[in-house]
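*Asks:* Okay, here's the structure, questions in a sec.
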Amino acid sequence: MCRRLRTFIHPAVMFAQVGSTIYDTGLLILLKERYNSTANSSFSNASHSEEDEQQNAISNFYMIYNILFGVSLVPTSLCLAKLGDKGYRKLQVCIPLVGYVLSRAMLVLVILLEWPAQVMFGAVILQGLSGSYCAYWAGVMAITADQSAEKLRAVQMESVQLAYGVAGLVGSLTSGYIYNLDANTQHPGVILAALSSALFLLSLIYSTFLLKTQSIEKSPRNGLTQENCTINQSSEISDDVEDSVQSIDCKVVGDKDQPAPLNSFQQINIVLLFIAAVLYDTGAGQFMNIRASFVVKEPLNWNVKLIGYGNAADFVIYFTSFLGVWAFHRCLSDAIMVGMGILSFGSGLLLMAFVTKTYMYFVGKVNI
């Protein structure tokens with residue numbers, strides 16, 4: 001039973017996601033406090049309010065932060081993907097987690113030593129060079145796929161997404177309360193940052209020492225596993241003849257099991273899926289960047305607790321996605337379910353464009 005439980009990657013995902021959500025809240029509050037104090041101590045132009053200056057500063061920070069992140073993660077992600085394809089699945093998960101631990105520890109130092117917020121640019125580069133979320137989540141999905149039957153693979157992957165969503169919801173709801181534990185001290189937010197680092201460290205320890213993955217065994221003959229070989233054993237034939245029969249059977253069955261090359265229709269589908277993923281990620285990513293600076297100024301002007309609640313609303317989508325896949329995976333194709341998800345997300349973003357009250361924000365998030 002314990003050995004079976006050690007094949008689940010869900011605990012590592014949940015530890016990491018709780019750490020990630022409380023880090024996001026901590027970083028945003030740090031930026032708000034730092035740039036708010038800077039704006040109060042500097043001369044403000046008549047044409048710009050302090051809130052506009054603060055929003056511009058936070059937006060510029062996140063713009064540079066995300067550019068550095070996107071540029072730095074590409075080479076390492078490709079290398080880790082190749083290692084994962086060769087069977088080193090855990091490397092694809094553990095190396096990004098090392099980067100997460102170190103980058104989150106940098107936030108602790110920024111708070112304790114009162115370094116400028118721009119030091120986090122170095123932290124995000126370090127995180128990107130370790131592969132970050134791109135390599136980490138690909139490794140998580142690869143391990144999940146390896147350990148699930150083909151018919152139940154979509155449900156199994158969605159269960160990992162559900163664990164991700166539950167952890168994100170818990171982390172977001174509690175982040176504001178954790179921040180308030182030391183909000184009135186000399187270094188507010190240090191407990192939040194330290195807890196984030198500790199949770200990523202727990203995820204790394206679990207993935208490295210406890211998680212059991214399926215290993216790719218060396219095949220006995222011609223690169224084939226024993227499952228692909230049809231062996232007819234007989235006590236009436238000699239050992240030499242038996243070896244010949246086994247070799248022939250393995251070769252025939254192995255050739256039959258070789259994957260067929262992709263035809264032009266399949267190649268076009270892959271290209272279209274890639275384009276759709278890029279467009280979706282661009283739209284979703286830009287929304288997240290704008291939202292971070294939008295919620296901390298008028299008309300919303302959220303405090304740390306509301307920021308946590310707003311982040312928690314992001315994870316409702318994982319519950320609805322799991323229920324949708326569980327309910328429709330037998331009667332609808334994957335392509336139709338993907339289309340339903342994108343349509344829902346787009347309608348939610350359209351509603352978010354007209355948000356002027358806090359309740360309108362949450363209505364839009366429910367539609368997403």
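Cβ atoms are placed via backbone N, Cα and C, with glycine included.
Reproduced below are the annotations present in TrEMBL:
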| type | residues | note |
| --- | --- | --- |
| TRANSMEM | 12-31 | transmembrane segment |
| TRANSMEM | 62-81 | transmembrane segment |
| TRANSMEM | 93-113 | transmembrane segment |
| TRANSMEM | 119-139 | transmembrane segment |
| TRANSMEM | 160-179 | transmembrane segment |
| TRANSMEM | 191-211 | transmembrane segment |
| TRANSMEM | 268-287 | transmembrane segment |
| TRANSMEM | 307-328 | transmembrane segment |
| TRANSMEM | 335-355 | transmembrane segment |
*Asks:* Most CB pairs under 8 Å with the transmembrane segment (307-328): which of 62-81, 93-113, 119-139, 160-179, 335-355?
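*Replies:* Checked against 62-81, 93-113, 119-139, 160-179, 335-355; highest Cβ contact count belongs to 160-179.
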*Asks:* Please give the sequence-distant neighbours of the transmembrane segment (160-179): residues at least 6 beyond its ends with Cβ less than 8 Å from one of its Cβ atoms.
*Replies:* 9-10, 13-22, 25-26, 29, 140-141, 144, 188-189, 191-192, 195, 303-312, 314-319, 321-322
*Asks:* Top stretch among 62-81, 93-113, 191-211, 335-355 for CB pairs under 8 A with the transmembrane segment (12-31)?
*Replies:* 191-211
*Asks:* With CB pairs under 8 Å as the measure, which of the listed stretches 62-81, 93-113, 119-139, 191-211, 335-355 comes out on top against the transmembrane segment (268-287)?
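*Replies:* Comparing 62-81, 93-113, 119-139, 191-211, 335-355: 335-355 has the most Cβ pairs near the transmembrane segment (268-287).
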*Asks:* Does the transmembrane segment (119-139) come near the transmembrane segment (191-211), with 3+ Cβ pairs under 8 Å (pairs 6 or more apart)?
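*Replies:* Contact criterion not met.
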*Asks:* Could you pull out which residues elsewhere in the chain have a CB under 8 Å from any CB of the transmembrane segment (93-113), counting only those six or more residues past its ends?
*Replies:* 9, 12, 16, 19-20, 23, 26-27, 30, 76, 80, 119-120, 122-124, 126-133, 135-136, 139-140, 143, 187-190, 193-194, 196-197, 200-201, 203-204, 207-208, 211
